[in-house]
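Enquirer: I'd like to ask some things about the structure below.
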Amino acid sequence: MLPFLRDPAACLVPVILTALLLLAIGYLLGSTPSGYLAGRWLKGIDLRDCGSGSTGATNVLRNVGKGPALVVFLIDVGKGALAVLLAKTFGLSDWLQVLAGLAALAGHIWPVWLGWKGGKAVATGFGMFLGLAWPVGLACFGLFMAVISIFRIVSLSSVVAAIGLPLLMVVSGGSSAYVVVSLVASLMVLWRHRSNIERLIAGTEPKIGQKA
């Protein structure tokens, strides 16, 4: 670990440059269009024009298949985790770690390569919190799986996990930076699921195995 990265007052310029570099890397990692590529390469389709219009793993599952959806899910998880772990490797503060993670989320939701239309940040957010505070990340995943096993609705599971995230972070004693970013990430996921929430309220949201 580089000592000056823990003491910005000692040498501010390297800290700023390192932070900006990691933010750029985080965004580029997040914007890697794994779901879009799976649709193009395997089915010759543009996921933005299919189903929910998302490039995430759920839309891949519905329109491409289970195997590709699993691969896309793992890649998307890795994008969020890697962005945070790079910041940790360079010894950056909690606040800069969470900014790197948020950059990955932003890249996933608004990828420059796809006209700013990407996924819904669930898998990438999961990876981000595995990197920041893995017990909280695993707890959210457990909550997600519990809801999906009962109701078989991915969006409902995502919404419940997003709501539970900041609560779990507070209970776990996470730092102020981690608590704040858990709330921000939760709001980002909920905002991306606003159409799903409308369908959930109307009772028209499809279950696993049904077309959107």
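Any Cβ shown, glycine's included, is placed from N, Cα and C.
Pulled from Swiss-Prot, these are the listed features:
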type: TRANSMEM; residues: 9-29; note: transmembrane segment
type: TRANSMEM; residues: 67-87; note: transmembrane segment
type: TRANSMEM; residues: 95-115; note: transmembrane segment
type: TRANSMEM; residues: 128-148; note: transmembrane segment
type: TRANSMEM; residues: 168-190; note: transmembrane segment
Enquirer: Within the same chain, where does the transmembrane segment (128-148) have neighbours whose Cβ lies under 8 angstroms from its own Cβ atoms, ignoring anything closer than 6 residues to its ends? I mean 6 or more beyond.
Expert: 77, 80-85, 88, 97-98, 101-102, 104-105, 154, 156-158, 160-161, 164-165, 168-169, 172, 174, 178, 181-182, 185, 208
Enquirer: Within the same chain, where does the transmembrane segment (168-190) have neighbours whose Cβ lies under 8 angstroms from its own Cβ atoms, ignoring anything closer than 6 residues to its ends? I mean 6 or more beyond.
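Expert: Residues packing against the transmembrane segment (168-190) from afar: 93-95, 97-98, 101-102, 105, 109, 120-122, 125, 128-129, 132-133, 135-136, 139-140, 143, 158-159, 162, 197.
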